[in-house]
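The feature domain 'Protein export membrane protein SecD/SecF C-terminal' is assigned by TrEMBL to A:121-295. Per TrEMBL, the feature transmembrane segment maps to A:35-54, A:147-166, A:173-195, A:201-224, A:236-259, A:271-295.
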Amino acid sequence: MSKSKPKARPAAGDAVRAKKQEKLSFLARMEYKKMIMYPLAVFVIALILLAVNFPTLGIDLRGGVVVTAYGVNANPDELGRYISDKIGMEVRVEKFTGVEASGVRVYAPIGTDPLKIIEVMKEKYPNAEYTHSEVQPTFGEIAQQQGIRALVFAFLAMAVVVFLFFRNLVPSLTIIFSALSDMTIAVALMGIFGIELTTATIAALLMLIGYTVDSNILLTTKLLRRKEDSVEKAYLSAVSTGFTMSTTTLGALLILWIISTSQTIDNIAIVLIFGLLADFMNTWILNAGVLEWYLARGGKA
Amino acid sequence: MKRRTKKLLLNWRIILLTLFLVGSIATLALKPLTFGIDISGGVALVAQTEHPVDTKTMQLVVDSLQKRLNTLGLRDITVEAQGDQIVLIKVANVTSPEEAERIKNVIESQGVFYMEFSGVIFGTGNDVEYVGIYQIKPDNSWSVPFRISKSAAEKFAELAYGKKGWPVDMFLDPPVNSLMVVPESVYKAMNSSEFNAEAPEAPTLMERIAKAFNISVVAYANQSADEIAKLAQGKEKIVLVDVPQELQTQLEEMNLTVRYVPRAQGESDHALIVRVLGLYGPYSLGEGLTVGEPQQDVQITGSAPDRLTAEQEASTIYTVLKSGSLPVKLTVVGMEFISPRLGEGFRTQAVYAGIGALITVLLIVYFHYRNWKIAIPVASTSLFEAIIILGFAALIRWNLDLPSIAGIIAAIGTGVDQQIVITDELLGGEKTTKISRRSSVLKRMGRAFFVIFASAATTIAAMSFLLVYFVGTLKGFAFTTILGVLIGILITRPAYAEIAKYLLGED
């Protein structure tokens, strides 16, 4: 391990990587107290946001009727008033756009006949494509319970596996906390951006458990197992890998979000984007801060 | 170089990947993918049983629903039980919202059917084995022949021995285990021999339903909500029949289950009772059935003032017998209709989104490494992974729905991440000498695969709960995620590591 040797490896890539590591080195120079404090503050803010502005439940968790019409271009408020007048029930209309098609979603309370809404809309937009769904509150309740159960169990399972892999209390707990914080921040952002909590977004939150743990495991492995480098070097190498990972995933998700008009896919994509953004902070600042502190204290806590 | 290439191509990991890839493409060519309702169009219904049931009962529910929908002439039906209370019904090729609504009504109108004699239930819908075509005679009397199970016939023969003219009742969805609050006149009618067919000595209707269904009846005499609640203790629900409606809200405020049945305009006490109880009959027992001999082939007869009414009565009984074969009442608690045209749109979108995401990954990876030798293998490994997942899905005829597609995306997302971990570990060993390089590569690969296995294990652990535990639409999501992760760690990731080592000159 003394001298570096030129290798049959593209030099351009190395240069880019070196530059990237340099750009990110400000992170390595941060004081670990701050690295722990800031993300914790964000986590607390997210909790407060959740307390005052929890995302609304989608109809599949709450019960209700929704009629989706594709190929309708209308002012949602006007259309809403029009339908409400005609069927004598208060409805809410939302507009959505995609690459190929755009349309509206009409939300109505449970007990409304979706066929009636379609009938009224067909008078105005005979060529639109209609779909509808309705969910009874009782099933919404079951779905809610199961969603919570799925999240809790998935989270616990993840925690157990992380413990088994690292067999080390502080690093494991940090990974677990950082996954929790990712999910909390993602849900808080859902509240802010008006994204409903549905079975699809629950799926996305579950997906986050898998996604976000990846980068944390990478960081922890590099810092704890990579003994040949200094902590800072190991950290920078992890950060650079992690940034590549997250930007590719974010890019793919963004494309997915732009192209799809399916609400399911759209919502899954956006929630994952939220979570991955939160994960940038939680992995590379919080988790790194805790690990640096932990290593500085000689790996014992 | 040639030797290296040959070595790479003969590496078992590469061979494995190639085999799976070829196998998947062949499978996809032979067995086209099947798509879920949310992509191919159709209606998906979620029905819930009145109370949790055991597996055997659930199977009966599934079987009878399947049979019933089949007789409607619908094709491409799947009925699937989930847990102890949920049945998922999917019907493909439904083209209009109206048709979707009709299917929903059919499922909801399936009732629980009971045959009762002298306060004893001797058969349910499951005991109806066959229903014949009803007949109407010129004197406007009608008959519906049907066959009951052997056990029901034996039970009945024993019960009915020597009880000529006694009433046989049939019920469709009676308010089991409830307290009924009825007006004085209705109470009197139920407590008289009005419903006793030709046997005034038989127990009254009130006695029969109390014994058979645990329904108690009280006459309304301005009792307060509190008093009624006290009477209803231990009952599942309260049925308020033609009494002041304020009681309903008051009782509901006490967290009680209440059903309110108002009297229709001009409805007689008799008609009201029949409607509330879901009563068909009573039918008087013919002599032939009272001699103690079990008879499976029986018929219900009746007579009507005119042919039209006779026709209506007979066809009602016919339908009730034919459809009332569910062991437990089902309510449709959720439905979703997707028009086939729209589904097609989703499918093309999924393909575009997939290709778009792949190109994005390619470009971003290139941007990070400025090296096509990395970007192309990363992107193509993801493509291979997708192909293998799809091939597997086609092989086992997994219905690809939107959550399943989301799962594939998730698996590919983590796949790209892990390939980057491998690449960076390979590129990261700057300070190694030639001698220590080989062992160092092994060490670094070991570290990369530690990360990969740890994250794969967490994902699988998290998702397997979803797969076995969860009811609803997220199963597909869990399934494809796990499948993708498994294919990733077992097939594509090891192969990618070999390719990367080869391309980056590290083997």
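The backbone N, Cα and C atoms fix where each Cβ goes, and this holds for glycine too.
TrEMBL annotations: computationally assigned, not manually curated.
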Among A:35-54, A:147-166, A:201-224, A:236-259, A:271-295, which stretch has the most Cβ pairs under 8 Å to the transmembrane segment (A:173-195)? A:271-295
Taking a Cβ cut-off under 8 Å, which residues six or more beyond the ends of the transmembrane segment (A:35-54) line up next to it in the same chain? 181, 184-185, 187-188, 191-192, 278, 281-282, 285-286, 288-290, 292-293
Short question: most Cβ pairs under 8 Å with the transmembrane segment (A:201-224), which of A:147-166, A:236-259, A:271-295? A:271-295
Can you tell me which parts of the same chain pack against the transmembrane segment (A:147-166), counting only residues 6+ beyond its ends and a CB-CB cutoff under 8 A? 61, 172, 175-176, 179-180, 183, 199, 202, 205-206, 209-210, 213, 217, 220, 224
